[in-house]
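Visitor: Heads up, here are the entries from Swiss-Prot:
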{"type": "BINDING", "residues": "22, 23", "note": "phosphoenolpyruvate binding site"}
{"type": "BINDING", "residues": "94, 309, 331", "note": "UDP-N-acetyl-alpha-D-glucosamine binding site"}
{"type": "ACT_SITE", "residues": "119", "note": "active site, proton donor"}
């Protein structure tokens with residue numbers, strides 16, 4: 001299992017350039033499969049999830065040229081060569097499920113996707129995806145091995161109301177609707193900035209697609225596509241991650257390309273606990289300004305709320321903030337397990353099955369903890385940790401950087417490779433001492 005040694009009591013200073021958004025890039029690669037036209041993507045992050053998606057597209061028939069130094073991918077899929085996704089792709093992440101929507105127009109007699117893997121943050125049901133596809137005319141068969149979708153008579157536009165504004169379901173239904181005849185209206189849709197980026201990409205490709213302020217997306221089926229050149233938006237999760245690392249280490253980091261309009265809920269909560277930042281034309285500077293004050297309710301939500309991927313690193317900030325703070329996780333039902341690692345380091349965290357806010361969420365009757373109380377500030381001690389999922393991984397690295405008592409061993413670091421480009425190099429250039437397992441003797 002890949003691991004690193006992270007030395008504590010470190011102050012991070014300098015600048016870092018945020019990469020293109022993981023959650024936009026992977027979806028745009030899938031969207032390029034809608035047609036046989038050429039697509040050029042710029043600002044592409046060199047991360048494992050993108051590498052896996054590129055490999056998946058190649059297996060399906062895409063011709064891909066990736067200039068990693070220039071951060072540019074050119075992809076062209078003259079025809080689809082495979083209608084069954086190899087299992088090695090589904091066990092890594094959840095991207096393959098989007099092929100059900102993206103490829104039904106080009107493969108009407110069936111697409112098969114094996115059972116999915118990804119982060120250990122809950123089952124994340126596919127019910128919304130599959131029911132929406134059925135309303136468009138798809139035939140769905142579910143087995144122990146995976147999911148089979150077909151549309152031998154073609155897809156037809158429909159009115160779909162999602163029970164919950166699921167990001168993945170919204171993306172899948174947008175892609176399927178592009179290949180349907182007529183008009184599709186999706187109500188209660190997710191409208192995260194990555195979905196808006198997908199919509200802009202599709203508009204460039206010739207798709208008539210619009211949104212409005214009440215979470216409604218209107219799509220007209222498209223038969224004639226254009227070639228597209230598109231620059232991927234900066235990754236708001238990576239930007240916030242380095243911003244939190246600056247504040248918790250009592251340092252100062254300029255995050256180049258960070259866009260404040262994508263991060264307003266995060267910046268609002270960061271300011272409420274005393275975290276410092278200043279917005280510039282080409283990025284955001286984050287810094288430690290004064291002792292952090294807790295006593296906040298951090299409630300995750302879909303856009304335009306505080307996104308769930310910011311929650312885990314923010315818990316490290318709350319562990320160093322004076323007072324009692326509450327986390328209420330409303331998006332994923334199993335996303336607080338990582339707190340055990342922070343408790344091992346000395347953080348004071350209590351888990352609850354109840355909704356610890358005035359608003360009950362969809363997990364209020366569930367039998368799992370989805371609320372937490374964090375008491376701070378508490379000094380953290382270096383220890384051994386195993387990363388359970390991507391964003392918890394960065395939280396553990398943040399905690400290790402400020403820990404007392406030497407260095408922390410952190411294992412399963414390949415999780416970080418999924419979502420952070422050159423994360424180790426970026427941290428080292430900011431002043432961190434981060435060593436791979438085979439080179440630890442340098443600092444011993």
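Note that Cβ sites are derived from N, Cα and C of the backbone, with glycine treated the same way.
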Visitor: Just how many other Cβ atoms lie inside 10 Å of the Cβ on residue 94 (UDP-N-acetyl-alpha-D-glucosamine binding site)?
Guide: 17
Visitor: Taking the Cβ of residue 23 (phosphoenolpyruvate binding site) as the centre, count every other Cβ atom within 10 Å, in any protein chain shown.
Guide: 22
Visitor: Does DSSP give residue 22 (phosphoenolpyruvate binding site) helix, strand or coil?
Guide: helix
Visitor: Rounded to a whole number, how many Å is the Cα of residue 331 (UDP-N-acetyl-alpha-D-glucosamine binding site) away from the Cα of residue 22 (phosphoenolpyruvate binding site)?
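Guide: Each residue's Cα considered, residue 331 (UDP-N-acetyl-alpha-D-glucosamine binding site) and residue 22 (phosphoenolpyruvate binding site) end up 19 Å apart.
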Visitor: Would you mind reading off the Cα separation of residue 94 (UDP-N-acetyl-alpha-D-glucosamine binding site) from residue 22 (phosphoenolpyruvate binding site), to the nearest angstrom?
Guide: 13
Visitor: Rounded to a whole number, what is the top Cα to Cα distance in Å among the residues the record ties to UDP-N-acetyl-alpha-D-glucosamine, namely 94, 309, 331?
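Guide: About 16 Å separates the two most distant Cα atoms.
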Visitor: Could you measure between residue 309 (UDP-N-acetyl-alpha-D-glucosamine binding site) and residue 23 (phosphoenolpyruvate binding site) for me? Cα positions, answer in whole angstrom.
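Guide: For residue 309 (UDP-N-acetyl-alpha-D-glucosamine binding site) versus residue 23 (phosphoenolpyruvate binding site), the Cα atoms are 11 Å apart.
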